[in-house]
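According to TrEMBL, the protein has these features:
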type	residues	note
TRANSMEM	B:16-39	transmembrane segment
TRANSMEM	B:51-72	transmembrane segment
DOMAIN	B:55-168	domain 'Ferric oxidoreductase'
TRANSMEM	B:84-105	transmembrane segment
TRANSMEM	B:125-145	transmembrane segment
TRANSMEM	B:157-174	transmembrane segment
TRANSMEM	B:180-198	transmembrane segment
């Protein structure tokens, strides 16, 4: 049965939601492999219970706690967000979660905190593509690390998701806890987070280290700044035949463009 | 069964008469599979991307196979690899053309977008040039063309197949977000086949 209708919130898009099968069957989660169906095929090996999250660094109240305890701190919210992958495809995702800002305020950032570094699970036993290949290589350096400026992290759009389509977050979508930053390319929205660290300096992030000329720290969705190897002007919404134009900040310019006033978005891509 | 006497026939019947039709049928099989999957909606969440990947991969694989024919003939002394080479090359051209057609469809045949892609993005440029290089090779794939050009000139022209395969491998490499094993493997295969040809000295007809 369809979930009971709820009035759309101020941050929700009213665009057609991507069906569950596509949203959970076509994923990038390189810890499982680079194929789009690898995560759905292999995510059963991910153990999400129990799950410990560490929040440390430039905070007055560092904490290490079980995810169930953390979830008990906040009432879950529904957010229907656009998701735009840097590869040129997009979806509409009905997330459940809570605002990252609420969590950060609770642990009280110190006056020195400027950035937030997120670290994903590093466990080759559970995440097969973290094991070196036959050639002794891995697709990326593990663990996967992402980062935000503190003001981006505190923005009410920025979510820590624990559910999708009204169900617990599936492994392939980053169970049990993932970041969702809807105005940035999908790779910023780190999956299976185990550690959140507030820092004074800008964190070194995985894709920016792997290919610095292609993936910047900001990674704001921007149709005017092409990827060096492909255009970002259009995208394919999963389920649609024709490409559609990509919107600045993935359609969230009214909410977030002011965060970047005075920043050269071509240089700080 | 009556057969015309050998003296009246233009060429003796080759051994393995099913060889070339078999290769052509086998080469068209994946296209049939692709069309069937597309009609049944079984190409996954991103069918256009899937069709692009499949046609591109098949084009490259067939091109590499066509390049492997001569070294295989030389190494083994078998004659059949030389007889399937043209079919493999033409099949590669067919899939490369389909790959480009799907790309054009995907971009709504918008000339400005395609021009910008081809001129400004090395990833697209490499694939486009590879396809262009295959055009004269496909056009001169007949026995008549070999006769008209003369074997030496025809052979020099058809060395472009190595350049096309190299550019195709580069296109594949640049198309993935992070270098995967498959593009690397194709690149190494093309390099190895080229090395074998160069080492083999002057090719024989």
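From the backbone N, Cα and C atoms, a Cβ is placed for every residue, glycine too.
Automatic, uncurated: that is what TrEMBL annotation is.
By number of Cβ pairs under 8 Å, the transmembrane segment (B:84-105) is matched best by B:51-72 from the list B:16-39, B:51-72, B:125-145, B:180-198.
For the transmembrane segment (B:51-72), the partner stretch with the highest count of Cβ pairs under 8 angstroms, out of B:16-39, B:125-145, B:180-198, is B:180-198.
Residues 47, 51, 54-55, 58, 62, 80, 83-84, 87-88, 91, 94-95, 98 of the same chain sit 6 or more residues outside the transmembrane segment (B:16-39) yet have a Cβ under 8 Å from a Cβ within it.
Within the same chain, residues 57, 60-61, 64, 67-68, 70-71, 162, 165-166, 168-170, 172-173 sit at least 6 positions outside the transmembrane segment (B:180-198) and bring their C-beta atoms closer than 8 Å to a C-beta of that stretch. Within the domain 'Ferric oxidoreductase' (B:55-168), the DSSP-based counts of helix, strand and coil residues read 101 helix, 0 strand, 13 coil. Across the residues of the domain 'Ferric oxidoreductase' (B:55-168), the predicted structure has a mean pLDDT of 93.
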